[in-house]
Amino acid sequence: MASRQGPLCGLAPCCLWLLGVILLMNASARPANHSSARERAGNREENEILPPDHLNGVKLEMDGHLNKDFHQEVFLGKDMDDFEEDAEPRKSRRKLMVIFSKVDLNTDRRISAKEMQKWIMQKTAEHFQEAVAESRAHFRAVDPDGDGHVSWDEYKVKFLATKGHNEREVAEKIKNKWDLNIDEETQEVLENLKDRWYQADNPPPDLLLTESEFLSFLHPEHSRGMLQFMVKEIIRDLDQDGDKKLSLSEFISLPVGTVENQQGQDVDDGWVRDRKREFEELIDANHDGIVTMAELEDYMDPMNEFSALNEAKQMIAIADENQNHYLEPEEVLKYSEFFTGSKLVDYARSVHEEF
């Protein structure tokens, strides 16, 4: 008996080590995705003055990744936090059916594409209002003298202060045009921010941002010009042949320069499949296999009613098991993970309970 256990015990550490290596390889092989609103964290002061990486109700992130929370953001709106994984299932099912009733405008116990479109536009407007309120508070943080304008130099001082630099010393150096002695990475971030600052500065440019211009700086989805700038940035990062358009192969590839993730590109079939479906069904409006800047801009514009209708149809199609082009209570509950991020069990029984 002892002679049999010895070799097995000796194998255990080896097996554990091998398992760890496999898990590590799998994790590093998958494309980076910083698209979840629930995963964002960081320095609070820095977050207040930096443009957010994630924009609620916008289909693509700033880095070109799909916003994996998008469907929940436009279906739940402010109620997103109520559907965390640890929420009580029965309570969550009831809330989901309350939302269903609100979307179902004609009370026929089914949701049409038009009803879903109106709901998406309503939830997007809520996100817009939240962004305006946040931007107003953040503007006050970078406009200490309260003159209603923020200069690029004022903003730069505040930004470097969040990076650990002494605010008074930085202000003095900028005033006297002395070397700031900042690292290369921070300098690159500053240059990108300055480009964005210029874009948000409405003609005639004076490098002074008003409160509304500062909103566009933080949230490009609020300004046609800044939305176009965001589209150009994304195409620049994904466009491999320099034609200022995107082919399917370019869109499903990782952005140029993310070398650490490219080895895992073929591994993550789900990531590629999702982007392929998005490209073919929603972004490439004329289905010619090429996405232009205009097409990408229409797709990314949160207040584009045509895009909202297409999105509504796609959301219905995903859960429409009886293929009648409507969403019914049973279908919404069964596909609750798609709509809320949480899987709610016993969906069939729940329909009768909640109605």
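Glycine too: its Cβ is placed from the backbone N, Cα and C atoms.
Between Asn26, Asn33, Swiss-Prot assigns N-linked glycosylation site to Asn26; no such entry appears for the others, which is not proof they lack it.
Sequence-distant neighbours of Asp145 (Ca(2+) 2 binding site) (same chain, 6+ residues apart, CB-CB distance under 8 A): none. Taking a C-beta cut-off of under 8 Å and a sequence gap of six or more, Asp320 (Ca(2+) 5 binding site) has these contacts in its own chain: Tyr326, Leu327, Glu331.
Cα separation, Asp104 (Ca(2+) 1 binding site) to Thr186 (phosphothreonine), rounded: 50 Å. For the domain 'EF-hand 1' (91-126), DSSP puts the residue distribution at 27 helix, 1 strand, 8 coil. Of the recorded positions Ser92, Asn106, Thr210, Asn322, Asn324, Ser92 has the largest number of other Cβ atoms within 10 Å of its own Cβ.
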